[in-house]
Every structure is written in C-alpha cells, then in structure tokens.
Amino acid sequence: MALLQTLVCMVFLFGFQFCNFCCLSTTDMAMKETKIKIWKFFKVIVSCLLITTLVLFTAATIRTLSLDVNVGLQLAHWEKSKNISLVIDQRHREELLGNFKEALRIPTVSFSETESNATALRQFDAFLRKAFPTVFSSSVVHHELVANYSHLFRVQGSQPDLVPYLLLAHIDVVPAKESDGWEAPPFSAKEIDDFIYGRGTIDDKCAVMGILQALEYLLIRGYTPRRGFYIGLGHDEEIRGFHGAKNIVRVMKERGVKLSFVLDEGLAILDGVISGLDGPAALIGVSEKGSANVKLSVTMAPGHSSMPPRESSIGILAAAVKRLEENPLPRLFGHGPERETFEHLAHKFGLPLKFIMSNLWLFSPLLGRVLEGKPDTNALVRTTTAVTMFNAGVKVNIIPSLAEAYVNLRIHSAQTLQEVLDFIHATVGDQRVKIELIDGFDPLPVSSSDERSFGFQIIKKTVLDMFPTLTVAPGICIGNTDSRHFKDLSNDIYRFAPVWFKPGDAQRFHGINERISKKNYEELVVFYFNLFQNCDIQKLPELHASIHEL
Ligand SMILES: *[C@@H]1O[C@H](CO)[C@@H](O)[C@H](O)[C@H]1NC(C)=O
Ligand SMILES: *[C@@H]1O[C@H](CO)[C@@H](O)[C@H](O)[C@H]1NC(C)=O
Ligand SMILES: [Zn+2]
C-alpha cells in the first residue's frame, strides 16, 4: 500500500514538473521532440493511473456494499431463549436502588499508592453480607476474602465439564471533593432528575452491586447454573490492583483454574459520542494499551549563578523533553484492534465515511491522519507521550545540579514496551540525559471477537437481547483495569458494562458529578441476570452461509 501511495505521488510530481517544463517558451526542435515523447509517456502513466484508480474504486465499492450488512452473528441466529426474565416492580426497584445507594455512601477511597480507607473497606464487606443474604448463604456459592478486603465468589455449576468464566469489578473509588464543583456531595448518593450522583456510580460500584444483585435474584428464583463461574471484587484497582486483583489471580492459579473468559469494566454504550455514527454503539473492549513511566534526569556539578556554564541541567533536560514532544511515536492506525472497531461500525456511517471505513486496506493512512488531529482519537492511533512532571532548582542564585522529568506513555497494541524505550533513547539522543524505566508493561493481548468467540458472542447476545438496535463492536481501552492481571488465566478478556455514555459523560469518570440514571442501573442488574443464564448456552449457533462469503 505504501508503494502504491508513493507511486501516485511520483506520477503527480512528474506531471507537475512536466507542465512547468511546457511553459518554457522554446523553439528548439530537439527539445520539442523530447517534449512530445515525454508527453506520450505521461499519457501512458496517466492512463495506467486512471485504470488503477477505477479498479481500486470498484473493489472499494464492492467491499462497502458487502460490509453493508451487520457483521457477524446476529440475534436471529440464536435459538429462542428459555431464560427466566427479571421483571422489576416497585418493590424490587426500591430494594435494588436502596442497596446501590448504601454502597455509594461508603467512602471506599484509594487515596494514594499506599493509602486506602481500611475502615470503609471493612464496612463494605459487612454491608455486602447484609444486602445479599441469599448469595452469602447459598450452598452453591463459596465466598472468601482475599488480601483482607477483596472478595472472591465461586458459584458451582451443575455441569463441571463446562469451563467457568469470571466477572470482575472493583470496590474502591478515586477521591472526590464536593468543593470541586459537585452538584451533590460525592458520597451522598443523592437523586437529581432521575440520576443518582456519587463517586463510584459508574466506576465501578454499578458493576459490583449490579452483579451481586442479579445473582441474589437469580438464586432466589431457584436457578442453578450449569456452567460454574467466579465473581472477583478487587479493593485497590485505582492503585493498580497489586494487592486485590493480584492475590485473586494467585489464589486461582494455585487451584489450577482456567477461565473461558473474563468480563471486567472498561467500555460502554456510546450514544451520540462518535460523530457521524447512526445510533448508539456498544463497544466491548478486547484489549488495553500498554503503559510506561519513564524518568529523565540530568546531573551536573552545582555552581553559582554569577558564573553560569553555557548549558544548565534544566536547559539540557528541557531540550530533551521538547524533542520527545516534537517527535511523537509513529502513527499505527490500522495495525491494532481499532481497525476492527471501524470495520464493525462502518455500515452505520453515511457516505463518504462508510466508504472510507469499509476500505481501511486503502484508506487507513488517510483516516489515521484525520484521527490524530484530536487528542481523544489520537490516543487510538499511536503510542502517546505525556510529560507529566518536571522538577529542578532550589534557589534563584544556584545553578541546579539535578533536573528531572517524568514521561507517561500509553503503548499502542502494535508496539512493545522495548520498542518504545528504544525510540525514547534515539529521540533524546543525548548521553547527558539519563533515561530510566520506572514501571511499564506491554499492551494486553487482543481477545477474540469472531463468530466462534464464546465470551464475545454471549456478551453481544445479552446486549442485543436488551437493546436490539445497538451496533456491537470490539474496541480498545485506553486506560487499564484489574483484568490485565488475569491474562495467564484466560485468552479472552473483555471490558464492558452496559452503561450509557452521552456526550460529556466521559468527563464525569474520575471527574466531578459522576452519575448514573436509575433506569440505567436497573438495566445493569437485568443485564447480569440475563448474562448468567446466557452463559449456560453450551454451543454457539451454526454460522449462516452468507457470513462465510464475507
Ligand atoms: C473512612 O471511612 C470511614 C467509614 O466509612 C469514614 O467514616 C471516614 O470518614 C473515612 N475516612 C476518610 C479520611 O475519608
Ligand atoms: C491483612 O491484614 C493483616 C493485618 O491486619 C496484615 O498483616 C496483612 O499484611 C494483610 N494482608 C494483605 C495481603 O494485605
Ligand atoms: Zn474502574
């Protein structure tokens, strides 16, 4: 593709040169003959180019039309389900909203890497036992505390040959101060216009409570799952899950558990967020970007500012930082799972976007260039570089001996941590700048999302059962979740909850006025209630013949 593009550019450049050349008035015959020859040659090239363009255009149109049907398994392919349905009446509504609000009022804040509110975490444990008596007393549920405050539930299936799955969520929240501009105190769970406000409403107590509430109702109705499953609730996700999630993984590994799939927080239902898309889309995260924190430092002998050296540690470091900002890592759009997102959504765009997105084999460089224009979409296109801290100097008249800066990089799926480090070394290109990796990890493996992918298709079916007009597509998480610790237990990790995100809602996440509508929380309970039952489906539907043709 790059070759083709180069060729096109060369032909245009050549044509341009030739026109300039024609404009020179000359009477020299030899020159005239040469001109005629070149003109003929140019005509051949232009014809070739036109034919190539026509062929490409036809191929692209065919592909656009063939993708203009929903991609993959649709609801119609599934057998009619015999699921118990959860009808939420007034009594249920009061009960489930009451439980949810009580959970929000317990300030399970992770303050810093080392500081949590242990009192609140213990209070949360006691609260769960009170709110979900059936879960905690059922003979098919085994519960244990892990690392003092995290929870692991194992729900026994009646058919032990079915590989179990795991639902993950986290109890802790990031700090919140009312004075930052909250419309309601962040731990009040106050209702305003049918929304419940509070830290944790979307990250991630809606899932913690939604999952357990759904299980409580399912057990009360006497449902016994065929496929066993686990529920893991971490208590320190916001500070990287080094105690909670990591120990849950350790416990499961010691027992030799293998998981069919994992479902954690991450992506959501985007409604009006992607401009140009017709209708809302549910994006199911199939991977997460990698991450690296890099420290740059320059050390020099200190001196008096009256006799400064030609370059200071600050100047050297500032130049290095500037080089990193001016030289972003290469554009990799189309080489990671973001490609699938666009291909799945293509049929819901109008022309010309539909045409472009259906033909990323041709247009990914073009689309990549458009996407890098805005910070939120640039994050999909490449490994991002953010200079987050810069410290130097102690006194106005002292040449500082030490200057240091921290850079946070989020690594694109098509790159590795090592490649990013090599790039930084090459870009800084100054021996005087010391470069240290503080911490980092590779991008997460990409989970399957094809027609044979059990976890993906079950989640998709559960979404479509509730919201038949949604478009479901695989997506990529820019941030990280507890689920990244589980990659040795399963190949298929998904990050999704049916939380509705409208324009502006993304800022509420870790920001002010985090909220969820009452209706949306009820939908979450119903979603998990249906998901538990759909996971008992033993086999995915046979593929429709027309899908093979694609
Ligand atoms: C920690 O949690 C307890 C119990 O919920 C609460 O009373 C207390 O105010 C919290 N501490 C801080 C510093 O937020
Ligand atoms: C659990 O708590 C005990 C004492 O309160 C402490 O010694 C231990 O390190 C904690 N365990 C973990 C994994 O945090
Ligand atoms: Zn979270």
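Every residue gets a Cβ built from N, Cα and C, even glycine.
Going through His170, His235, His304 against TrEMBL, the one listed in the Zn(2+) 2 site together with Asp203, Asp264 turns out to be His170. A C-beta separation below 8 Å, combined with a sequence spacing of at least six in one chain, links Glu237 (active site, proton acceptor) to Ser110, His170, Asp172, Asp204, Gly244, Ala245, Thr481, Asp482. By the rule that a residue counts when its Cβ sits under 6 Å from some atom of ligand 3, the recorded positions Asp172, Asp203, Asp264, His510 yield Asp203.
Cβ atoms within 8 Å of the centroid of the Cβ atoms of Asp203, Glu238, His510 (the Zn(2+) 1 site) belong to the same-chain residues Val173, Val174, Asp204, Glu237, Phe509, site residues excluded. The record gives His170, Asp203, Asp264 for Zn(2+) 2. Within 8 Å of the mean position of their Cβ atoms, the other Cβ atoms in that chain belong to Leu168, Ala169, Asp204, Ala207, Gly234, Glu237, Glu265, Gly266, Thr481, Asp482.
The two recorded residues Glu238 (Zn(2+) 1 binding site) and Asp203 (Zn(2+) 2 binding site) have their Cα atoms spaced 10 Å from each other. Asp264 (Zn(2+) 2 binding site) sits 17 Å from His510 (Zn(2+) 1 binding site), counting Cα to Cα. Cα of Asp203 (Zn(2+) 2 binding site) to Cα of His510 (Zn(2+) 1 binding site): a distance of 8 Å.
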